[in-house]
Amino acid sequence: MKEIATPSTTKYILEKYHLNALKKYGQNFLIDVNIINKIVTSAKIDQTTAVIEVGPGIGALTQVLGRYSGKVTSFEIDERFMPVYQEFLNQDNIEIIFGDFMEQDIKPIVDQLKQRYQKVCLVANLPYYITTAIIEKVVLGNFGIDEMIVMVQKEVALKMTGIYKNPLLLMIKDMGTIEYLFTVNKNVFMPAPHVDSAILKIELKKAPDLKLYEVLNICFKQRRKTILNNLKQSYEEAEEILLQTGIENRKRSEELELADFKNITKMI
């Protein structure tokens with residue numbers, strides 16, 4: 001079977017099936033199998049691992065995931081790729097579900113996979129226009145996904161692993177870890193995007209504390225306001241809460257640590 005992730009095979013597929021990359025779905029096709037192997041190695045995938053994939057495109061990453069994992073379940077919104085999958089992805093352990101991942105209830109799927117496999121991992125070259133929404137869905141959904149290995153814009157990856165704080169990033173840090181693994185040059189895609197990408201690893205070791213997330217969203221609602229002013233909009237006892245937790249009420253939310261927000265949550 002030909003490797004999909006080469007310039008020649010990608011051109012062959014696009015020409016044979018009269019396909020083109022659609023901007024509305026953020027499609028850029030990987031044409032470097034070495035990068036794909038590096039992604040799969042980073043995820044430590046083996047036959048005891050089940051993989052959820054979002055946006056497989058023409059299936060370059062899917063093909064390699066199918067070789068190493070016990071099961072691959074891929075969600076694709078673009079039905080134009082159906083004949084490509086029939087030609088290149090006809091392994092028994094690869095399942096393609098056509099539809100919008102954001103509208104899917106994946107809990108029953110993950111529950112079923114958990115019965116057969118030791119680890120369920122989301123591995124994806126995420127469409128840039130919906131990156132945050134997909135990560136948020138998985139982090140907050142409590143689906144039982146253990147780990148995410150995702151490709152995002154390099155700028156986004158640097159922001160997510162730097163000192164920047166927002167409710168989603170603080171939730172990830174409460175639940176597990178986030179790590180910048182490596183950079184992916186824009187020239188390993190067809191068509192090439194305008195910017196480089198990066199691979200992030202997100203480990204989810206416990207269920208989300210949704211009360212904490214609610215408090216975080218209140219505290220970061222208006223970033224320029226003080227923690228007191230943001231909290232007062234939702235809680236009359238905001239001043240007392242900050243006094244009890246020893247947090248200076250003139251501070252802004254980005255000046256606080258995760259432990260501070262957890263202490264505030266306990267007091268509410």
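Glycine is treated like the rest: Cβ placed from N, Cα and C.
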Would you identify which residue of N20, N90, N125 TrEMBL lists as part of the S-adenosyl-L-methionine site it also attributes to N28, L30, G55, E76, D100?
N125
Please determine which of the binding-site residues listed here (E76, D100) has the lowest count of neighbouring CB atoms within 10 Å.
D100
Radius 10 Å, atoms counted are CB only; among the binding-site residues N28, L30, N125, which position scores highest?
N125
